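Working notes, structure below.
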Amino acid sequence: REDLWVREGKILNPEKLFFDEKGSADVQLDCKGSIIAPGFIDVQINGGFGVDFSLATDDFKSGIDLVSQKILSHGVTSFCPTLVSSPPSVYHQILPQISVRDGGAHGAGILGAHLEGPFISREKKGAHPEHCLRTFEGGAFQDLLATYGSLDCVRIVTVAPEMKRSSEVIRELTKRGICVSLGHSVANLSQAEEAVQHGATFITHLFNAMLPFHHRDPGIVGLLTSDKIPAGRRVFYGMISDGIHTNPAALRIAHRAHPKGLVLVTDAIAGMGLAPGRHTLGQQVVEIDGLNTYIAGTKTLSGSVATMDTCVRHFQDATGCSVEMALEAASLHPAQLLGIEHSKGTLNYDSDADFLMLNDSLYVQATYIAGQEVWRQDTWGM
């Protein structure tokens with residue numbers, strides 16, 4: 001029921017304005033009863049609108065620009081372009097073309113790349129091509145550096161923690177401020193706990209591409225209620241809340257067990273926003289049938305075509321959680337995961353004025369970055 005004050009791209013504490021500057025707003029906007037929420041942050045998105053972030057093309061930059069522009073309508077104001085397991089040559093070509101940048105009218109901000117693989121388990125490779133998978137040989141961290149070529153713009157790396165020498169790799173990545181995520185893995189709970197003790201803070205799409213929960217050894221899923229998490233640390237976990245990847249009951253179980261760690265991700269692929277048919281995911285061909293996406297000719301799920309705002313609505317619908325909780329799972333929690341909650345993911349004073357206006361059914365009406373309107377629903381306010 002309150003006003004939101006913005007100046008120079010930041011959310012302003014109006015008290016200082018009234019008392020110190022005796023000022024008032026230059027521009028006033030009637031939000032017509034909308035909900036104002038922080039912009040969504042997608043930390044796992046493989047592409048969309050025909051663009052695949054794991055394909056090295058000459059116009060890779062224009063592809064990333066297109067996706068960042070189009071996802072503004074889904075309420076996404078910053079994201080981590082995600083690469084699935086690929087040959088080293090692909091990382092060497094693509095990573096230098098990804099740069100961290102602020103969002104604006106040109107599109108959502110880029111927070112850095114999420115490298116999902118290739119240091120993952122063969123048994124739980126999911127849609128990742130087997131010939132690209134790698135292990136940590138003699139050099140461990142050096143092998144990872146040689147594979148990726150550079151970690152300059154890398155924000156998240158997904159690894160399988162049961163791999164030999166993964167502990168030292170996790171420590172080295174964490175030391176560099178890179179978030180380590182556990183996924184595509186057959187790890188048992190103690191291997192997962194050890195990885196967290198070495199610095200891992202995230203789980204890549206919980207329940208997907210990992211051992212199913214078992215009461216005697218709950219595996220990675222057990223991290224949600226583990227008592228071996230170091231004091232003061234929180235484990236976050238991604239969930240693809242598209243109604244396909246996780247049964248609503250599983251979504252509810254995770255949410256009730258550890259609500260403050262839940263991070264909504266789209267895991268969207270190039271086919272998001274396009275008609276059903278054949279599209280790519282890195283080295284593979286995928287088939288889209290409705291909201292289902294499979295590796296062509298199989299029943300292996302391969303990413304999603306759901307948009308972030310759809311995931312937020314489905315999550316709220318499935319769990320019956322509060323509107324605030326649903327919105328925080330797509331904004332505050334991913335910001336906390338990346339350690340940027342002082343500037344993103346909230347509407348606190350002095351944070352970046354990246355925010356959305358939504359109607360009561362959580363459909364995005366308008367998207368703002370740094371206080372500037374960057375997208376608006378045509379019919380809004382009619």
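Counting starts with 1 at the first residue shown.
Backbone N, Cα and C atoms are what each Cβ position is placed from, and that goes for glycine too.
If you look up TrEMBL, you'll see 35-374 marked as domain 'Amidohydrolase-related'.
On its own chain, HIS184 (Zn(2+) binding site) has GLU116, GLY117, ILE120, SER121, LYS124, LYS125, GLY126, HIS128, THR158, ALA160, THR204, ALA209, MET210 as residues at least 6 apart in sequence with a Cβ closer than 8 Å to its own Cβ. The Zn(2+) binding site annotation in TrEMBL covers GLU116, HIS184, HIS205.
Within 10 Å of the C-beta of ALA127 (substrate binding site) there are 24 other C-beta atoms, taking all protein chains into account. According to TrEMBL, the substrate binding site annotation covers ALA127, ASN208, ALA209, ARG216, HIS245, LEU301, SER302, GLY303.
According to TrEMBL, the feature active site, proton donor/acceptor maps to ASP267. The Cβ of ASP267 (active site, proton donor/acceptor) has 29 other Cβ atoms within 10 Å, all protein chains considered.
Once the Cα atoms of ALA127, ASN208, ALA209, ARG216, HIS245, LEU301, SER302, GLY303, the listed binders of substrate, are compared pairwise, the greatest separation found is 30 Å. The CA atom of HIS245 (substrate binding site) is located 9 Å away from the CA atom of HIS205 (Zn(2+) binding site). Distance from the CA of ASP267 (active site, proton donor/acceptor) to the CA of ASN208 (substrate binding site) is 11 Å.
Apart from GLU116, HIS184, HIS205, the residues listed for Zn(2+), the same chain places the Cβ atoms of GLN44, GLY117, ILE120, GLY126, HIS128, THR158, SER181, GLY183, THR204, ASN208, ALA209, ASP267 within 8 Å of the centroid of those Cβ atoms.
If you count neighbouring Cβ atoms within 10 Å for each of the binding-site residues ASN208, SER302, the highest count belongs to SER302.
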